[in-house]
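Trainee: For reference, the structure I am asking about is given below.
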Amino acid sequence: DGTRDEFRLMEKRVKNYGREVLSNQSSKSKRQKLKINAGKAVNETNFHWNEVVDVCNVRYSCLQVVSRNESDISFGDKKMDWSATNSHSNVYDLSSISPGLFLVSGALSIEQQIYWASKAVEEYSTVEHNNLNNLQSIYGNTETDEATLSKVTPAKDIPNVEDLWINSVDEDIPFETFSKLRWSCLGYHYDWTKRMYQKNLKSTFPPDLASLCTNLAHLVNLDLTVEAAIVNYYPTSANMGGHLDDAEHTMEKPIISISLGCSAIFLIGSTTREVKPSPILVRSGDAVIMSGTSRYCYHGVPLILNSTFCPLEAELYPDVSNTSQLLQQAQEQEYDSRARNVVKYLQQARINMNVRQVRVNPLEESDE
């Protein structure tokens, strides 16, 4: 029909850029060339780092800081409230990019990042939450429609799934099996084939995670009754194509997206794919809040910045990734082996927890 898919074009540009950076990383002369290229004018085919919106870069100091969190929680206290937002976080209004879009920079402290990542790998990946996850297709069970759902091999009967994280930690190649996991569901489960939530299939939603996301929504004066989350587990080679989150019965409520581990380029466009999207850098501990018009916009993650990629970009723009801080914290605080394993995993992966309300009036409707 002659229309141009600007979202897909930007995805390709970002992915190609990532490949170029990784292929050039071993050569010092090529690194210098990369520095030079980073300052050149943007053209139709090449993506340049100066296109990335980074709220921590002085170039974006003009962005409105909606609020600075002034909570007085001491994270040295063993009785810390894990659902509270970091006292040093800043809330940025990105409505100039997409109306209703906010970025909470540093929403989680280093300790909180390790805590929530531990929850994600140790608890949220377990049988209760992964009935419809991608491991079923990996092990030969691809049917998820209602007629055949009961015939699908239960997750608990798939090898290594019940203790997926524990078994992966001790593998010859650490996390090899766990790296095959792409998602799990909390609360109402989402059927990717039908693109709908399963009314009669749900798991327990962690109350502390619900409180955290409600607190994040309150930072920008939004209300949210948490009912579901999709937890994505990305190896650095993975990406999430441009899509809409439109399966919820209520689109007026925000989606809270929490990032842990490797940094990533988050794309957000418009209500059609014909509008060029904006690339935004999200770091470990950041939270993106999509509300208003942005709730109806195409978005995706075309590139994850792995541990070899980040130092290269750090030559241009310092502090691209927070994963080095996670590792340093684990070493300095002499964390136990469980926490150290989580930090090692975060050096080579990204966890993204996308939390939302599903029903229009959850407190008035029957709990189906």
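Each residue, glycine too, has its Cβ placed from N, Cα and C.
These numbers come from a predicted model, not from an experiment.
Found this in TrEMBL, in case it helps:
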- 225-362: domain 'Fe2OG dioxygenase' (DOMAIN)
- HIS243, ASP245, HIS299: Fe cation binding site (BINDING)
Trainee: Looking only at the domain 'Fe2OG dioxygenase' (225-362), report the model's average pLDDT.
Mentor: 82
Trainee: Within a 10 Å radius of its Cβ, which of these binding-site residues (HIS243, HIS299) has the fewest neighbouring Cβ atoms?
Mentor: HIS243
Trainee: Taking the Cβ of ASP245 (Fe cation binding site) as the centre, how many other Cβ atoms fall within a 10 Å radius?
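Mentor: The answer is 18 other Cβ atoms.
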Trainee: List the other residues in this chain whose Cβ sits within 8 Å of the Cβ centroid of the Fe cation site residues HIS243, ASP245, HIS299, in sequence order.
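Mentor: Other same-chain residues near the Fe cation site: GLY242, LEU244, CYS297, TYR298, GLY300.
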